[in-house]
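Worksheet: the structure to be examined is printed underneath.
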Amino acid sequence: MNILLANPRGFCAGVDRAISIVELALEIHGAPIYVRHEVVHNRFVVDGLKAKGAVFVEELDEVPDGAIVIFSAHGVSQEVRQEAKRRGLKVFDATCPLVTKVHMQVARASKKGTKAILIGHEGHPEVIGTMGQYDNQDAGIFLVESVEDIAKLPVSSQDDLTFMTQTTLSIDDTSDVIEALKEKYPAIQGPRKNDICYATTNRQQAVRELAKQSQLVLVVGSKNSSNSNRLAELASRMGVPSKLIDGPQDIDPSWLDGVETIGITAGASAPEVLVQSVVEHLKTLGVTGVSNLEGCEENMVFEVPKELRIHEVK
């Protein structure tokens, strides 16, 4: 029995940046540092930051006056930003720059009075933050999750209409929704390239290749990680059993019955240390070889805020 590791896998530039912001803030200012929402959707990462003194909250009313707060990689609404400013909280923004790009698209649409349609998952913090950039009551922003949702849209005119997408969606599903939107609203405008981020795209492409050569695909990632869930779904759609696991403790040995090659990947918020712990555990269950799938190299780096960067250089 062998293991085939997907490439690329694991941390993306936005996740690296977000974790660095929390760690540097703790190093410079000391604990506690408050973080609004899980900075990234991975239990192992969050538990590690908690141990260093990060305090995770869901709303700013849980943050004491005058404290330091970090916004998660998923981004926040303008209302949250205004509340932080009103209360005089010291803010470090860990919003992924690729999410910020979508925020700017929404803000421009709001300012111009253009109706906006966001393709995304209802209730996901990125979606909540993105929709919260729109405040034009004379137009409006609407959420669709699927092709079926398009028929329910309360939008009759295609004039001054634009769309954008959550950054961690299924490429295939999103393409279907965009095609259906353009069919219903031929004049709808959108980004030249969809907003699904490079890391999501690369990891989904790697899973396609992984599934072709595996009888089981294990995706290392937490249950609340959107991009990790999409990886597991994609492998399943290709006819290969897939499991989303937080770590080796989640592996059921019965999954390995009749399996010759186990494909392993990791969501963009899952650290490589977890992947290696899964590999080592599988070796105790009969794995004898480990190889890497060829894939694209990622060199993207996002800088931390200047105040933290100066300290980092020192």
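Positions of Cβ are set from backbone N, Cα and C atoms, glycine also.
Lifted from Swiss-Prot, the feature list:
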- Cys12, Cys96, Cys197: [4Fe-4S] cluster binding site (BINDING)
- His41, His74, His124, Ser225, Ser226, Asn227, Ser269: isopentenyl diphosphate binding site (BINDING)
- His41, His74, His124, Ser225, Ser226, Asn227, Ser269: dimethylallyl diphosphate binding site (BINDING)
- His41, His74, His124, Thr167, Ser225, Ser226, Asn227, Ser269: (2E)-4-hydroxy-3-methylbut-2-enyl diphosphate binding site (BINDING)
- Glu126: active site, proton donor (ACT_SITE)
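Within 8 Å of the Cβ centroid of the (2E)-4-hydroxy-3-methylbut-2-enyl diphosphate site, not counting the listed residues His41, His74, His124, Thr167, Ser225, Ser226, Asn227, Ser269, the chain contributes Val40, Glu126, Thr168, Asn224, Ser228, Gly267, Ala268. A Cα-Cα distance of 11 Å separates His41 (isopentenyl diphosphate binding site) from Glu126 (active site, proton donor). For the recorded site, Glu126 (active site, proton donor), the DSSP three-state label reads helix. Within 10 Å of His74 (isopentenyl diphosphate binding site), counting CA to CA, the recorded positions Cys12, Cys96, Glu126, Cys197 contribute Cys96, Glu126. Taking Cα separation as the measure, Cys96 ([4Fe-4S] cluster binding site) is nearest to Ser269 of the binding-site residues Ser225, Ser226, Asn227, Ser269. The CA atom of Ser225 (isopentenyl diphosphate binding site) is located 11 Å away from the CA atom of Glu126 (active site, proton donor). The residues near the [4Fe-4S] cluster site, meaning same-chain residues not in Cys12, Cys96, Cys197 whose C-beta sits within 8 angstroms of the mean position of the site's C-beta atoms, are Ala13, Gly14, Val15, Ala73, Pro97, Leu98, Val99, Thr167, Thr168, Tyr198, Ala199, Thr200, Ala268, in sequence order.
Among the recorded positions Cys12, His124, Glu126, Cys197, Asn227, the residue whose Cα lies closest in space to that of Thr167 ((2E)-4-hydroxy-3-methylbut-2-enyl diphosphate binding site) is Cys197. Using a 10 Å Cβ-Cβ cutoff, Ser226 (isopentenyl diphosphate binding site) registers 24 neighbours.
Ser269 (isopentenyl diphosphate binding site) sits 7 Å from Cys12 ([4Fe-4S] cluster binding site), taking the CA atoms of both as reference points.
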